[in-house]
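Chemist: Okay, these came from TrEMBL:
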DOMAIN    B:5-120  domain 'Tetrahydrofolate dehydrogenase/cyclohydrolase catalytic'
DOMAIN    B:139-277  domain 'Tetrahydrofolate dehydrogenase/cyclohydrolase NAD(P)-binding'
BINDING   B:GLY165, B:ARG166, B:SER167  NADP(+) binding site
There are 2 protein chains.
Amino acid sequence: MAQLIDGKAVAARVRAEVQADVERFKAARGLVPGLAVVRVGEDPASKIYVTGKKKAAEEVGFRSWEHHLREDISQEALLVRVRQLNEDPSVHGILVQLPLPKHIDAERIISAVSPEKDVDGFHPVNAGLLSLGQPGLRPCTPLGAMRLLEEAGCAPAGKRAVVVGRSNIVGKPMALMLLQADATVTVCHRKSDLPREVAQADILVVAVGVPELIQGEWLKPGAVVIDVGMNRKPDGKLVGDVAFQAASQRASAITPVPGGVGPMTIAMLMRNTLIAASGGV
Amino acid sequence: MAQLIDGKAVAARVRAEVQADVERFKAARGLVPGLAVVRVGEDPASKIYVTGKKKAAEEVGFRSWEHHLREDISQEALLVRVRQLNEDPSVHGILVQLPLPKHIDAERIISAVSPEKDVDGFHPVNAGLLSLGQPGLRPCTPLGAMRLLEEAGCAPAGKRAVVVGRSNIVGKPMALMLLQADATVTVCHRKSDLPREVAQADILVVAVGVPELIQGEWLKPGAVVIDVGMNRKPDGKLVGDVAFQAASQRASAITPVPGGVGPMTIAMLMRNTLIAASGGV
């Protein structure tokens, strides 16, 4: 049976580390890190996420603000709000909760956030710094997945890592982080022969949003599996992108869903906000 | 025997296309695209490259300037020069020839070039836009390699592409372009099991700078091979990173060295400069 990678426990540890660092930071700088979260409209999942982020921010000792804006806000008015936050010296991190309403150009809004305050790591400058291997703010979910690999005692160097999914938020930055950690990295997607690719993965990271797409029988015995998926089945049960039961028979370590990568995202967001408040990486 | 992918011929065609587009652009806009090349010091290879770029720029109908600066120029003075070019409306493309002297922070200089004029595609913003799949100026060598694949009738979608080398100039942007073209992409480096990875490549791109590192016998029969390497052997002969003779027995198509990817880089630089003059992609 595979070792369970307990993301909840690791996330709690990261948050405790950040909390301790924040105390030192406040004492040394006489300054409280501030995180501003912008939420537009009434998406119920966004509301839950934002509440969780605000709560976590307060627990580690940040100031935090939620800017809740009307669904029908104009793009220009949203840009003005982002620019105000860019200029506000008490705000060190800015997060615009996605998705945004359809009449808003999300890329435009993300690009308007100052790269130094872009604690989501989604700004083109930060995406570029990651690709170039230069210091910058990194996306939180792949950062969290890297930390889970470390906690599982899995060093990527020289291993074959397979990333299923190529989103800007998880798949691509994950692949770049694994590459920087000296793994041989393959990125797969809907045109890939998944059983063949998965069978060669010493490290498998899946982020596609398709319930139990990856069959346990496909895995290389001993693989370390990071399942970023979080899907609700018709019966209400939460499952990942990997068929957990069968996978945990073959993997050496695997993240559960829920309780794996999920809690890490917020923890790494706290870490990023402290980095931004400290004046960069 | 593999089909030879004639980069010299394709590059000539691209340059002729750009030349025709430049004529139309001048007629429509009453404006001549301008390319400024900055060269620091006396590196003999840089001198040859810059001369070639200037000549190509004049042939397609651009204005071009070479700013040749002393080896001992300070970083601050070089930054000032770059900023002057950023502000000069007659300059649409700026290229700082690498390598720079050791006392200069090359990353800092590259980041100082306005992203809109960064015809090398090396600025973090452009690297980020590539990673995010958004329009931007792309690095010339991988752009040229993509064009060669197209000319060879090789569509990457659904194929396994293997990139050997993970530089910021070739390997990483190449992998991202192949991924965007729907290939399943593996990136390899010194920690990879190269024979194993190469054997699975429908498309193989090699950019490591090690003469004939890739043995022909490793190739999957029918592979399409793009060899970005350009190495001089002790006897003065130019060879690529792939052992050409043996490789051309197994590949379905292969670039020669010289006369493969090399000429494409300058051709795509011309294309990028016209794109920059046109006000972006």
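Glycine residues also receive a Cβ, built from the backbone N, Cα and C atoms like all the rest.
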Chemist: Other residues near the NADP(+) site, CB within 8 A of the CB centroid of B:GLY165, B:ARG166, B:SER167?
Modeler: B:VAL163, B:VAL164, B:ASN168, B:ILE169, B:VAL170, B:GLY171, B:LYS172, B:VAL187, B:HIS189, B:ALA207, B:VAL208
Chemist: Quick one: average pLDDT across the domain 'Tetrahydrofolate dehydrogenase/cyclohydrolase catalytic' (B:5-120), no decimals.
Modeler: 97
Chemist: Measuring CB to CB from B:ARG166 (NADP(+) binding site), give everything in the same chain under 8 Å that is also at least six residues away in sequence.
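Modeler: The list for B:ARG166 (NADP(+) binding site) reads B:LYS172, B:ALA175, B:VAL187, B:CYS188, B:HIS189, given in order along the sequence.
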Chemist: With DSSP as the yardstick, break the domain 'Tetrahydrofolate dehydrogenase/cyclohydrolase catalytic' (B:5-120) down into helix, strand and coil residue counts.
Modeler: 63 helix, 19 strand, 34 coil
Chemist: If we take B:GLY165, B:ARG166, B:SER167 as the binding-site residues, which have a Cβ under 8 Å from chain A?
Modeler: B:ARG166
Chemist: Near B:GLY165 (NADP(+) binding site), how many other Cβ atoms are within 10 Å of its Cβ?
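Modeler: There are 24 of them.
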Chemist: Does B:SER167 (NADP(+) binding site) have same-chain partners at least 6 apart in sequence with Cβ under 8 Å from its own Cβ, and which are they?
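Modeler: Correct list: B:ALA207.
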